[in-house]
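Right, one structure below, let's go through it.
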Amino acid sequence: MGRANSTLPPYYNNLLRNGYGYLDTRKRTAKHFGHRNSIELIPSLSLEDTPVPQAGQNAHGPVPSQQSASSLRSSKKGGPLALKMETSLEEASGLDFDTPELNIELDDDSPYPEVRATVSNTDDPMMPTNTFRMWFLGILSTAILSIVNQFFSMRYPRIGISVIFVQLLTLPIGKFLAYALPKKQFRIFGYVCSFNPGPFNIKEHALICVMASFGGAAYATEIVATQRVFYNRNWGTLYEICLVISTRFLVWPASMVWPGILVTVSLFTTLHEPSSKTTDRRMSRHKFFYIAMACSAVYYWFPGYIFQALSMFNWVCWIAPDNSVVNSLFGYTSGLGMSLLTFDWNMINYVVGPLYTPWWAQVNTYVAGLLLYWIVTPICYYLNVFYSAYLPISSVYAFDNTGSTYIPEAITVNGVFNETMYEAYSPRYMSVTFALDYGLSFALITAVIVHTLLWHRHDIVRQFRTSLSEEDDIHARLMKVYPEVPDYFALALVTILVWPTELPAWALIIAVIISLVYLVPTGIIVAISNFDIGTNVISELISGYLLPGRPAATMIFKTFGLMTTQQALGFVSDLKFGHYMKIPPRMMFSTQIIATLLSGILVVLVQDWMFANVPGLCTPDQVDNFICPGIEIFGAASLIFGTIGPKRFFATGLYTPLLWCFLIGAILPVIFWFLAKRYPNSGFKWVNIPLALGGLGAIPPASGYNYFSAFLVGGLFMYYLRRYHFPWWAKYNYVLSVALDSGVAITALLIYLCLYLPGGVVELVWWGNTVFMQNLDGVFGAWKQLPLGGTFGLTSW
């Protein structure tokens, strides 16, 4: 058994205490650092005015004995304060280095209080990260999340497993592997390796979760699925990244705080805090998580299988199943969802997480939805605006002038638009909610730019100047110990991922430029509200004009235009997370690339398997609700912008009035900005027009009861409990959200694998599983009925 040494960095004391033998720290440290003064950043130092761990502890485990910050300070006449350490760095590290003198003002911590309160200002560069445990659990987690999340991405409502589930579950597994795996060392290619290099540490845990974060449904798979469902073509592509520039401007500067990441960092440090005696008698987070997850898993058997009407709770339609007005207003399948309630957590959580989205953001979205979808939409529908009364009031499907589903093959030859066939067939019609959704998207395009300029223009200029000129904070200096990722790595990645397509090179450049324009504005909205604002419509609109009649090229252009922004923010978020956690950039980049490649392969394989083995996939009456609403929306957009073209559809067509929404979106932020400035103590300061517009993008297929149920839950947890029972909320709220999601995902997977997949469908046929479909809402009924063989709408197009 090794003996602890107070002069060693903290991780080696853990190694010695746990019997991992003698370590030649002098040789490993010198080889790792590569230059003599980098060791100056190892000692754990903290300012007395910031939250510090208890004596003898930090987030990584036991630390060497050290002086308090106040005793380490001494004045230096005419210059900044300097730290004087009783234990020299030469003694602490075992290196034959001169003891450097650390000059500080706030040099030993971040200048931002929210970072000081959350992120450790110490690092142990010798803490292992490139371990067998990390790769094993990271790859396994990525694979499981990729398969499950891609599988259920085609279902309505979508079911998903959160990364926080992995964060909580892999901690005990990692500790078990540290206990069970052999500690014997061996050599591979001259490197000394071990399956068990020491206790399971916080950096391994963080990298596992970074890999798992890539285990979601890939946006690019919707191109492939749309080609199959809409155009009977098996064709697809994979693409994109905007990493190099974003890394330089959004990761290293201390002013780029990324507040959302602080929550994750806080949970990691909490999970890895050494156990200590406490007077808190409340249940631990781990125990609470497992109990809540078990309860969620058991309960979901009822709305998910036994009593499905609890999920599709359109109870008013049960009373009047043949009344078209009642079903249009109160239905959930093709109605506006005024039935209000659902008892299915997956339906409540479908649009936005009510347990972690700020309350003011939820109020913005709910008020906008109330005005638009429960007041404006019925008025438009019953006035037969856009001939919408001949269609369901809410649907993601495209329709022709007979009210039937639109047939893309009737207007294309080899995937290219044919005008003669189009004139002989029909214009493309859409439900009134779908039409208004495009109006919202047009308004959002201008609103997000105007809102950002009005409210954040000074912040952006200041942050840009500060990002270029500010000195490194403690976290940036700690990270200088680790080699950066060479730029040619990212350039090689772009070369690999950009495949030859129907998309011209100049169009690709335009798509990337569009994404860069919206990168900062959408990033601000996500950072302050937790709502992801999609700007895909501007890409669709521009590509439709640039590439008319080519749906495949339009879809790829749209994907570059939207997902370059989304992936850039996602990658940079991970890098900033690694910055706070002091993870070597090359390890972070390696895990990102491996997880991206693995997830990309798996989601494609899962989707191919589903098309081959799931009967009726992506059809409205699919028995397990794998109706693919996202693909329907994606395909409908390809018809409008790629096949028919926006010039024919919007500029001179039936839906021309929607173009006024561009102007409306530019004016609304100005009005509320002026009111907020004129009445600074009023509620106008909480109005966020891009958030109000963008938060409604899930309708259709979502409906009012998804929003209203989430609003009730959000009011309970994010307002009442947070305000009046904050200690309970702070300890359990986020854990409860993950537990509920995880329980639903586990049971949904069991239901499908055990009851539906083995030998066909094992159904429970009774009133509670059929009543919600035995009405006009369930069969997509319309208010106005056509005579047999009749048509509606435009007489020429």
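Glycine residues also receive a Cβ, built from the backbone N, Cα and C atoms like all the rest.
Bear in mind that TrEMBL entries carry predicted annotations, made automatically and left uncurated.
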According to TrEMBL, transmembrane segment applies to one of these ranges: 206-225, 626-645. Which one is it? 626-645
Is the count of Cβ pairs under 8 Å between the transmembrane segment (363-384) and the transmembrane segment (288-310), pairs 6 or more apart in sequence, 3 or more? no
I need to check the long-range neighbours of the transmembrane segment (159-181): which residues 6 or more away from its ends have a CB within less than 8 Å of a CB in the stretch? 132-133, 136-137, 141, 144-145, 148-149, 152-153, 195-196, 198-200, 204-205, 208-209, 212-213, 215-216, 264, 267-268, 271, 285-286, 289, 346, 734-735, 737-738, 741-742, 744-745, 748
